[in-house]
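Report on one structure; see the data block that follows.
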Amino acid sequence: MTLAVSSDSRARPSWLAEQSNLIGLAAIIVLFWVLFTSLAPGFVSSFNLFALSRSLAVDVVIGFSTMVVLATGGMNLAIGSIGVCAVMASGYMMQTLGLPIPVAMALALLLGAFLGWLNGFVIVRSGVNSFIITLASASLFLGAMLILSKAQTFNALPPEIAAFGRMRWKFISPLLFIALGLGAALVVLFRFTALGREILAAGANARAAELSGVPVGRAIIIAHTLSGALAASAGLMLVIRLGAAMPSIGQDWLLPSFLAPVLGGTLLAGGYVSVVGTILGAFLVTTIRSGLLVMQVGNFWLQLFLGLILLAAVMLDRYRGIYAERRSLGRKDAGRRASGKSA
Amino acid sequence: MSTMTRNTTFGQRFLANEWSALAIAIAIGLVTLAVLSPAFLTEFNLYVMLRSFCVVLIVAFAQMLTLAVGQMNLSVGALGGLVAIAVGGMMEKWGFPVPVAILCGLAIGAAGGLINGLLTVRTGINGFIITLATASAFTGINLGITESIPFYNLPASFVAFGTERFYALPYLLLPPVLIAIALAFFLARTVPGRQLLAVGGNPQAAELSGIPRDRVIVMAHTLSGLLAGAAAILAVAQLGSAQPTIGADWLLMSFAAPIIGGAALTGGHISVAATALAVVLIVIIQNGMVLAKVDPYWVQFLLGALILAAVGLNRLRAVRAGGA
Amino acid sequence: MRLTIEGIGKDFPGVTALDEVSFEILPGETHALMGENGAGKSTLIKIITGLYRPDRGRLLVDGKPVDFTSPRDAIAAGISAVHQERNLIPRFTVGENIMIERPPTRNGVIDFERVHAEARKFLDMIDPSIDTRTEVRHLSVAQMQIVEIAKALSLEAQVLLLDEPTASITGHEAEALFAVVRRLRAEGKAIVFVSHKLEEVMAISDRVTVLRDGRVAAAGEPIASMNRGKIVSAMIGREERVAEMGARDVDRSKVVMEAKDVTTSFGHRGVSFRLHKGEILGLYGLVGAGRTELARALIGDGKVVSGELRLNGQPVTIPDVPTAIRRHRLGYISEDRKAEGLILAHPIRSNVAITVWRRIASALGLITRSNERRLVHPLVEKLEVKTPSIEQAVGKLSGGNQQKVSIAKWLAAGVEILIIDEPTVGIDIKTKTAIHELIGEITREGLSVLLISSDMPEMITLADRILVMRDFTLAGTIENSHRYEPMSREIMGFIHAGEETSPVAAGAARA
Amino acid sequence: SDNKIALIPGGPHPYFAPWEQAGKDAAKDFGIAAVDFKVPAEWKLNLQTELVESLVTQGYTAFGIFPGDAVGINQTVEELTANNIPAAALAGCAQDPTKMSFCLGTDVFNSAYLGTQALIKAMGGKGKIVHLAGLLVDPNTKLRMDAVEKAVKETNGAVTIVQHITDTDAQEAADQKINALLGAQKDEIDGMVSTAYIPSVVAAKSLRNLGDKRIKLVGIDDDQIVLDGIKDGFVAGTMAQNPYGQGYVGAYVLDLIASGTCTVKADAPWIKTPQTEHFIDSGTLLISNDNVGTYKDDLKKITGEIQSTFKDKYLTCK
Ligand SMILES: Nc1ncnc2c1ncn2[C@@H]1O[C@H](COP(=O)(O)OP(=O)(O)OP(=O)(O)O)[C@@H](O)[C@H]1O
Ligand SMILES: Nc1ncnc2c1ncn2[C@@H]1O[C@H](COP(=O)(O)OP(=O)(O)OP(=O)(O)O)[C@@H](O)[C@H]1O
Ligand SMILES: [Mg+2]
Ligand SMILES: [Mg+2]
């Protein structure tokens, strides 16, 4: 069949088919919500929903931070360190220097972006794998922060910070809206801007992109800069949540930062990201974790159940995907297929 | 390529080796520390360094094997912890003889790896997610069994193995050295070893060439689990008690060493020698920081700086070797 | 061994690649499999080798049904293949790649001496100059193809399937391959041969099967009963149309690109030429002569070390490819479209629009899919890319259609100078003609083309002048007289200046 | 009462094992509906706060918490008190300003200070020492470092501190660092003071392996390996804490507060520490060769004393 304009819209995979992975993930999340709600009524109490939305917000942004670098086929192991640098910088600026909150936060975000840029710059200039560079810079950034701050906590921040952290909109933390807002911006970036497309192209096939005129080095540097800024945002969200700037923030970000995007369909190899998928991925994990806690699964066994349910969830999603594909093929000429099989 | 190797100086040939920059960095480190601190080259300090080399090396190998086929094993540490407490429990609670307990421990490690491999291959889900999930499950079993309380009463002979030494050489060094030799041989000279690298290098091509790709991936995961188990058993001997926290901080190191040693995350390219040297380098850096009485606030910073320096050196080498 | 293909059908999302395909492959024959790009040839070969399971129909070996679940099964049954895609392990040596399926062992340990000795045996049949101890990643595209062939030969199978084995090798190696094919046929083996080069097919095959749109258009016709016209009309369902370049009088007053005594970081020496506006300047040479690398140096993917490069009269230094494209409107179509030309996982839409994203972005810096579609769609139509939609991932297209997409990309980019490296490798006759016409058309519209090709007829059809490159220097320039015989003799004369006439020249002259 | 009280450590750790029994005993002795020991899956602040939050939804009415982070926990506590759920810091304190009702635990500064003094005494008042500490980013670590330095400074130079070694609270890191220390400087140093659980264990074991009784070690907590070291002379002493007492008394007091019968007295004889102004010492004592057999009884006695006098000293009750 040669392409003809008229056939184009018809043959183009429908929006629904394109989003089938996300719909599948969403369906699984709904399944868990139904399950947890019926088993443990406390799960949908407004207190729990608030708590859930708040931890979700941070996990989503951490996931974004890794996602934008995965887009280039690279990794950023330094997100935790960048996050804590921004956190401590904001704490210093607000508590010691007494700068207004917005100024301090903006400068902290800039610092995060700068540290990310530094990563990207060194990676591109040296040609060394991003894994190694960011492994080393994670140590460097954290170390510099410790040297400068002597690991002192800033816990006399302006009270508005903590108040904002406790704020609720119905039963949802406003932090979640910040996270979703960042998500929307990222959707625009990767779908509708040349820059986002170039980042993806560079991640999918750097050589081909380069020969097509994509400034691959620049795309990688920008992705890292963005990752740094997002890591800083996640850090600042934690400052708001905890009402203090502490040096221990960011130490446990690494795995969740990968979990959300990868569950959501972002390729580790680069070239494809799913912003909504990352949100859903983080949502799935948060749901499972919170559900198990509310269901009072034995203390020490919680990790086991978390692992098993995660496995079950990804397998469910996988088989749903295979099934959906079969169905869409089968519809075409199911009769002939059947006869072919019996032959 | 062929002309390059033929008529070149020893120096150029040395530089062409992937591990040469690491070797140089290690040499620099050794000399610096020896000059800085008279204690560095004492028998006991050498023993201490060699001893802390053992577990890390096997952990790095465990990760290296999954990297070889283009996969990752995020459950190395969790599986290690599980094996550690299983071995401890078998010795303390059930009174198993040491060799039996060790064999059972290795079997548990291999079984864990097998589960990872089978799940990855059968479901077609990225190994990254599978092992992330099984890691949580393994840790859960570990904590569920122990409630985070270690097993202390291990047989004296077993604990002694973890501490005794022949001059500067700890007995503990024996298994990693044997494993390193066996692995190098396995990867270079045996059919399954080559198949492993072939699958990592180009899975599609390997499959078209009649290599059972899925089976090879399962094998890589199983071996990875086996090595994680071996590392855990050594860690128990080294620490003298079966701690549930064994393995908790293996993950980053397990990736760092093979990758600093030049392994490609995409698979198909690993080096036993370079991985071992990377571990040596890391151990020297860590030892050196204690030795040089580095201010605690500077430890992290210097660690990063030194890794970066080593990487830079390797980059320089690659450029030089390329130009030669 | 007799291989019967019975009512085979295969569907991919959106495409029926094969439908009711039946024919027979007999021992002791060379069976050509022909068809346009996307006709389903490679899919059929993948089914025979157990990589895909057929959705309908079955395979029979010597009359008995077989069901291959993996390539292992097919290999065990005595079937080996050279696939269209490259299938080598980059970090392994040539020898090990060739012997990968059954490396010789001693006491369970691989005996590398014997690996290389055995590999040598098979490699020597095609090209003795490749060292079996070199790692494959250091080889050129052509050399890799030769290794692939040696690897398939090493299985000493009863049925040998060759999917476009000659697409990226020169006449010399192709001749050697045909000699091997003839010998195998004499030994009673069956050979299936896929090629878009009709001359080759006519020369070596006994029977020919033609596929059109996944169905059999001609099944096992004896070659004697066929002629070029018959095969082509079976393939395209109508008469062949020959590229008609028309009278080309290029106005040579305006030089768009000029190299003066250029030395490059790859080792080119004293390269001087002029490319005029609207001209097609051919660059011919044997594999490894350095044509691709010259192109790289020109577009900033390598360095011009000394000498001068002028574009539209202005001396320039091009630091990188994006600058070449954006500032100097200079583009390059790679010979290796899978690795360097296309982003296989991305849809046709993105692959074509990639060079113009920044141009089609709105004032806010936003681009929409419909903007992209509006740009891409006409091009994809013009080149008759065979695809269910422009949202299809390029990796799922047939080889020929992939090449069309990579050409479409540069048409979209609107460059002024285009370097095209082997534009029709693996492209069927109809498409090839279309592409030739296209190249002619774009130059009439004012684009200038530097055309790299190892296909002498193509060169003579298209080029206005031909530069001959030998060993990283230019050996001579020829004005195209469009007369095949004297032209090819003259070109070969430059290539082998000072050498005796080699079989390559003879092979090329025959073709 | 029908209170449901949760005792929550920072993560899985053997130190807290006695809390389980303490909770059960308290529930029985004081007739509380439930005193449950709930452990976060990992030693991470966010897991701890998530656990607390989920327990609130399950109807727990009071919390005894070991702060996973002395500062980071405060926001959660603030939310608890906003919901009329009292919380107390047990074993370790939260950093002021905090809404924790009180802190019953080990004064980390004082414990480190006393431990160092004990070490100095064991060394005969002079020599060189090394301080083994936990996570550098934990605010308590800084306090302990200051405490050690304070004790050393008081010797007017007779004792010097060679270095602080931090981040030793993972088994393997501790083993590596402490052995590296011994490898490099075992002839130079005369004593080691450990202010974290794991390095205490590892140091005790390493000294035994080395067969070195010259280097004095004062550790923290009563791990079996450390106690054996004391009995055999490889360890000079260890600072015992009172986990059982913290859990037991903590549950008792939380019950009183949650029932509304009592409120915390503002002008009670609180101890002021660098961390908090509402500190109650749960009992710190040095275990040495003299009392290694009997220290448990001593701790029980202390526990009984704190419990029986708590109401009068620190609370106003209806
Ligand atoms: N994995 C796949 N997924 C989806 N469609 C596919 C896949 N492989 C092939 N196709 C489609 O099946 C059809 C047949 O492709 P095939 O590669 O067999 O053609 P071909 O005859 O070998 O062409 P060429 O001469 O260009 O190599 C094409 O339309 C192609 O787009
Ligand atoms: N026989 C050979 N032995 C070793 N290296 C070779 C050989 N032939 C070619 N090469 C290398 O492979 C590369 C091929 O060169 P290049 O691609 O520029 O040639 P070309 O003229 O474009 O030929 P083609 O594109 O037809 O392969 C060069 O780097 C060359 O050094
Ligand atoms: Mg094909
Ligand atoms: Mg070329």
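Glycine too: its Cβ is placed from the backbone N, Cα and C atoms.
Annotated in TrEMBL:
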TRANSMEM  B:21-40  transmembrane segment
TRANSMEM  B:46-65  transmembrane segment
TRANSMEM  B:72-90  transmembrane segment
TRANSMEM  B:96-115  transmembrane segment
TRANSMEM  B:127-146  transmembrane segment
TRANSMEM  B:166-188  transmembrane segment
TRANSMEM  B:216-240  transmembrane segment
TRANSMEM  B:246-265  transmembrane segment
TRANSMEM  B:272-291  transmembrane segment
TRANSMEM  B:297-316  transmembrane segment
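The transmembrane segment (B:96-115) shares the most Cβ pairs under 8 Å with B:216-240, out of the stretches B:21-40, B:166-188, B:216-240, B:297-316.
Of the two recorded stretches, the transmembrane segment (B:246-265) lies close to the transmembrane segment (B:46-65), with three or more CB pairs under 8 Å once pairs fewer than 6 apart in sequence are set aside. Annotation: stretch B:216-240 has the most Cβ pairs under 8 Å to the transmembrane segment (B:46-65), among B:21-40, B:72-90, B:127-146, B:216-240.
The list of residues near the transmembrane segment (B:216-240) in space but at least 6 beyond its ends in sequence, with Cβ under 8 angstroms from a Cβ of it, reads 51, 54-55, 58-59, 61-63, 65-66, 68-69, 71, 73, 75-77, 79-84, 87-88, 102, 105-114, 116-118, 120-121, 127, 154, 158-159, 161-163, 172, 175-176, 179, 192, 195-196, 198-199, 206, 246-247, 250.
Tertiary proximity for the transmembrane segment (B:297-316) is limited to same-chain residues at least six positions away from its ends with a CB under 8 Å from its CB atoms, namely 21-22, 24-25, 256, 260, 262, 281-282, 285-286, 289. With a cut-off of 8 Å between Cβ atoms, the residues of this chain six or more beyond the transmembrane segment (B:272-291) that come close are 18-19, 22-23, 25-26, 29-30, 32-33, 36-37, 39-40, 45, 48-49, 52-53, 56-57, 60-61, 64, 180, 183-184, 187, 253, 256-258, 260-263, 299, 302-303, 306-307, 310.
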